[in-house]
Amino acid sequence: MQRNRVLAFLLLAAQLLVKIPETCAKFPALIVFGDSTVDSGNNNQISTVLKSNFQPYGRDYFDGKATGRFSNGRIAPDFISEGLGLKNAVPAYLDPAYNIADFATGVCFASAGTGLDNATSAVLSVMPLWKEVEYYKEYQTRLRSYLGEEKANEIISESLYLISIGTNDFLENYYLLPRKLRKYSVNEYQYFLIGIAADFVTDIYRLGARKMSLSGLSPFGCLPLERTTQLFYGSKCIEEYNIVARDFNIKMEEKVFQLNRDLNGIQLVFSNPYDLVSEIIYHPEAFGFENVRSACCGTGYYEMSYLCDKMNPFTCSDASKYVFWDSFHPTEKTNAIVANHVLKYDLSRFQ
């Protein structure tokens, strides 16, 4: 059933690439947690090497501004916010250019490079997930002071909470740090992460959140950075990693079912991007892409963050032909397609 829906979506791709439909569900705000897939600039304000607030990042964003989003333009939450009838971009909570009035209709607490496992955030000195929750608590206090208890509580309970996290736990942590490989099997580590995700959902539920979309993992074995390690084997996807992503998604979906059963009044939707992103990767021409093996920025094989800079002479001129912007992150066009799918098939389930 899921695959049929993705294939139907593929056939309509030419019409749906950048047109973001408004979903029938209405939310007063979009509140975002997670990693670089959804970080709109929080890492700009912390001491870490993982930043993207410089050109050519953001070259296709409004006014060509590099905001700290890991893309050439907007990221999925921006398009989702627009599709919900809210703002066309979700502001980062730590950005001093914004205040609580801006955050009342949307706010991002995500930090690029973070993961469910606290050890993942330590690799690049970024915000751990628990810190994102602490900022969310602070936000609630500020919101109540700004709007009053009743209105603020209404926004907190009726908002859509978008959660996208998990890839870094494998690529920056489990497969990079030998001690994790020794301590856990892949299966055990997956359950360890899912337990943390369940605790996180429960934590923000207790703080008043009720409507949440929890994203699964994409086929991260097909990221250009991972393909580069297979350069002498035709730059193939690392199927071992893709199997891990699929298995993780199956386990996470089971946990989502359990949480919906156990937490009274919660509406938790599992948003699985795996099949859609796989279709984009294996049938790029159907979506108007020409290059899926390498990224637009630099050589496209390994550049990310500071290695993806405006002095690199190899950066492509038209990012819309590429699935990936840098070796780890999608282009604005890919983000729009994914957001469109989430709006059409996942968020439409909210009542």
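Just so you know, glycine gets a Cβ as well, placed from its N, Cα and C.
Following the DSSP three-state reduction, the secondary structure of S36 (active site, nucleophile) is coil. Taking all protein chains in view, 28 other C-beta atoms sit within 10 angstroms of the C-beta of S36 (active site, nucleophile). For S36, the entry in Swiss-Prot reads active site, nucleophile, with the evidence type similarity to another entry.
In the three-state DSSP reading, D326 (active site) counts as coil. The active site annotation in Swiss-Prot covers D326 (among others) and is backed by similarity to another entry.
If you look up Swiss-Prot, you'll see H329 (among others) marked as active site.
Feature annotation from Swiss-Prot assigns N-linked glycosylation site to N118. Under a cutoff of 8 A between CB atoms, and with a sequence separation of 6+ in the same chain, the neighbours of N118 (N-linked glycosylation site) are P128, L129, W130.
The signal peptide feature in Swiss-Prot is assigned to 1-25; the stated evidence is sequence analysis.
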Per-residue Cβ crowding (10 Å cut-off), top of active-site residues D326, H329: D326
Taking just the CA atoms, what is the gap between D326 (active site) and S36 (active site, nucleophile) in Å? 12
Integer Cα-Cα distance in angstrom, S36 (active site, nucleophile) to H329 (active site): 8
